[in-house]
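Student: According to Swiss-Prot, the record shows the following:
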BINDING   Thr152, Gly173, Asp195, Asn234  S-adenosyl-L-methionine binding site
Amino acid sequence: MSYRELVAELPREHAEALSDALVELGALSVSVEDADADTPDEQPLFGEPGLVPERTAWQHSRVIALVDAAQDPAVLLAAAANEAGLAETPRFELREVEEQDWVRLTQSQFDPIHIGEKIWVVPSWHDAPEPDALVLELDPGLAFGTGSHPTTRLCMEWLEQTVQPGQTVLDYGCGSGILAILAKKCGAGNVTGIDIDPQAVEAARQNSERNRADVTYGLPDDCPAGEFDIVVANILSNPLKLMASMLTSKVKPGGRIALSGVLARQADEVASVYARYVDIAVWREHEGWVCLAGTRRESH
């Protein structure tokens, strides 16, 4: 069977209704993306962890429906638009989807990733490239964080250089758990990973089991009281600014904090918010993204 992708862009208020209608009318799958992704207009969908998101699509959304090539896309989209209550049928484009061995193709796109001095992120279908490597076995999945994104890489390099044996670590916005797992493999003591997304929490638990890393995961309400030697948060600049007081309060006096998910042009603004609580500066920049690192002052 051959397939095509039907791609339409439309405002946020119509994206979810159109997606539901497309599925009801026979689309094989539907996804919604930020049409402004990787541009200055890109918007985070979620706000502060622990809060229920106020919206379920982006201001400028791209709806992508996978359809049978034998199906008339114009008829399908017109029917879906009518079902969703749209005043008119949105313009669309079609993309051909080639027949593929999807498992083999996916595996071929994820080779081992070398990070820092000794870290290797290795998919389960690969062997460790070096006998003395610090190996994290991680497959692509639902949760963010496989080591390929510059922000994840920056945080991993920072942790490799920073974590000392027995230190306590909080990974806030843990995604796949990659940073928490790395901290444990670097010799940390108690490690906690927190994420707003229950699917991410479950994925992180599974990844930790696979890597034999004893890490405690939970939702924001599960975050333990007390302070940590190290806090790392790889999120986005706006949530980081909102959570500055809370995140820095989790750092022991003299403890370390690292923040990423921050574009280089956003670094000064984020740093100025955190400077009220910690001595902080850009630690390293990579491909337009930065990792900010700081130390909590003795008096908070």
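From the backbone N, Cα and C atoms, a Cβ is placed for every residue, glycine too.
Explain the structural surroundings of these features, please.
Tutor: Taken residue by residue with DSSP, Asn234 (S-adenosyl-L-methionine binding site) is part of a strand. Counting every protein chain shown, 27 other Cβ atoms lie within 10 Å of the Cβ of Asn234 (S-adenosyl-L-methionine binding site).
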Student: Taking the Cβ of Gly173 (S-adenosyl-L-methionine binding site) as the centre, count every other Cβ atom within 10 Å, in any protein chain shown.
Tutor: 27
